[in-house]
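Report on the following structure.
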Amino acid sequence: MSQEECAEKCIGRDTVIAAPTMDPPKFENPCSTGFPLVSAQNEILQCMESRPCPRGYYCHIGGNDITTVCCPAIGSDPCGQPLDSGTGGMRLQRWYWNAQAGCCQMFNYCGLRGTQNNFLSREDCEQTCMEYDSPCAGGQPEMLSPNRPKQCGLFNSCSPNYWCHMGAKPQTTVCCPNRVPPAQVCRLPMVCGRGNANLQRWYYDVNRGCCVMFVYNGKYGNQNNFLTLQDCQKACVDQTNKNQLQIITPLPQITTPNSLISTTPIPWKNHCPQGEPLLEKLVTQNGTTLAIRPIKCTYENDREVCGEAHWCFLGVTADENMCCSGESRQESACSGMALLDSGAVYEGEKPVLRWMYDVKTNECFAFGFKGSKGNQNNFLTEEECLAMCQAINPCKLPVPLPLEQCIPGPNACAARPNMYCHVGAVPQTTVCCPAETPNPCELPLDPGLGRDKLERWFYNAQSAICQPFTYNGIKGNQNNFLSQLECEELCVPNPCAEGRPFVGADGRPQTCSPSASMNTCPADHWCHVGATPVTTVCCPAARPNPCNLPMSTGEGDASLERWYYEPASKTCKPFEYRGLKGNQNNYLSQRACQLACQPLDNPCIGQPATTPSGQVLFCSATNKDTCPVNFWCHLGSTPETTVCCPGATNPCSVPLAPGTGNSGLSRWYYNTDERQCIPFQYNGKRGNQNNFLSQTECERTCPEQLCLLSIDKGACSGRQTRFAFNRQTSQCVPFEYTGCGGNLNNFLTMEDCVATCGNVGF
């Protein structure tokens, strides 16, 4: 048998997996490697859901039907391929898998020569690429889609029956089931969990009556798991007992009769200058109270043990240390609020050498401490005093002393060139620091150093959004903002002249497409096309007739060639757009401007096809397949008259139609009587499909033996009655057409079929 007969019987009448046997059609190849899949007739095959690509190929989805074809597969794993925006002039909103970030992210695809890591929606991307390892001990996490658990955190709450498991990364910070009521959370046991993480966490110990630090392994924990001591205390420590926090320390089981256990209180003296110190209760395992005494602290663990509202009094001996009520040592001593106080004499003790900070001279001085009372401005050594107050430099870069405090604001450090206002936890660390760069938005995230936990915002240049983070108090950089609004006003470019861009469900400004058929903006918004994808967003306050708006060059440093419509002259004119703050009378090309604003000279018999937004759908000689079903590409004398006209008739069966107008275009048509292509002059408008640019195109479309082609129902799921010539019975017969595909042996009426094929002889 011949190669054609073999292919028809063994592989399929339409599909052959082979390289083209002749030069590929003149169109722009959308594949990044190799050529698209072709049929036995050497025609490039389009792919769709009902016609998937065979093994070794994948379906490249372009911006139109002609570029949606089976391309040679680049690899077996699309998720491992890099981001590739491709080539071409389109701006298609797509999603790709960012392997480094472990999530799907949006990008703009140019329409041609990309990789397989290219998905129409985030759901498609996540279903293909996302693999999650459930960190929940009690079942599966709450799901947003079949392969997408609901992530949670400071701004995303879980459903009522779920709780937020804080893992080591976003993928394990999800909503877990079997939520325990708040009153029972603190009674849960400590669970270290499983995994390779090493996370410092806090849990409430019922036996001790206090919050205790532990190391969490990252998965399978419970709700008695807090990020900070403050979170634990807020949730579990009785608010009424904060002034007398009880740390219950169980002793080993005492076998001596209870009558022999001494319950005499251990003597201690209150050295606090005001109020009572924090106390702890010492008990046996059977609940017998042995003693109540002050909680012991040191200079090093001052804030950790005493908390935010107390400070560690440093006695003559370590046994006399205790947590006294008042501001922290750094807040009070270093600000000058606590002046020199040598304290009160304690039981005849001689004064001991201590050090204090003088805010006026910015120096530390020695003084004699009498052993009791006093205040926070009291350090054991000069080094500790200098480290706490004078020599504390919250800046990341070296800065000359004395430090200059500042009040947060736009011009806080304007008097000091190349300085910015570093906002710390206290006034002493809110000072003018050297700037690393004039543009803080270029700097990476820097949580800094220190023990403070401050809620801040930074600009993520990779995702082009402002995100929250925890700042440790000192040694950070300028990419550190007090609020999301402050961050966005400086770093996120707002291209909209009115209001701010529309924000999607993921918290990011929604990008859009300049093509009317691809516009994804919601109602009352319009697509502002800037110089970059970040400024190509949906802006509010859309006008019903943008053509009447005045020309606006906008703001910014860009130099973009654009077009606007001038109502006075009723023409579209070019102008230079600066990239931001323009209006809707702003078009990428003269044709787009004319399409939107100038009246259409309709070349069709009937109304042309339109986009979902109501604009006329244009086509071209090389892009005829952009026309929808039951429309054909009318090739006029100008781009404005080259549109999709209605009509589903076989082009080879309709009669000659010279049309109207005075263009005088050289064209070809198929003569059914003579069964050959003949030249004619087309007037430019109101013709029909039997109209070809060349004899070659005419003969390729209307072959001499088209009536001998087999009856082909097509490849879609529709149902339309059509007529075809049956070469076995030599008659025209009806058949059910599915709406797309098939061949030229397909006529709209019985009359068309008989007129074309009725006198075929055998």
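From the backbone N, Cα and C atoms, a Cβ is placed for every residue, glycine too.
TrEMBL annotations:
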DOMAIN    79-129  domain 'BPTI/Kunitz inhibitor'
DOMAIN    186-236  domain 'BPTI/Kunitz inhibitor'
DOMAIN    324-389  domain 'BPTI/Kunitz inhibitor'
DOMAIN    441-491  domain 'BPTI/Kunitz inhibitor'
DOMAIN    547-597  domain 'BPTI/Kunitz inhibitor'
DOMAIN    652-702  domain 'BPTI/Kunitz inhibitor'
DOMAIN    707-757  domain 'BPTI/Kunitz inhibitor'
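Mean pLDDT, taken over the domain 'BPTI/Kunitz inhibitor' (547-597), works out to 90 on the 0 to 100 scale. Sorting the domain 'BPTI/Kunitz inhibitor' (707-757) by DSSP state (H, G, I as helix; E, B as strand; all else coil) yields 10 helix, 15 strand, 26 coil.
According to DSSP, the secondary structure content of the domain 'BPTI/Kunitz inhibitor' (79-129) in residues is 10 helix, 17 strand, 24 coil.
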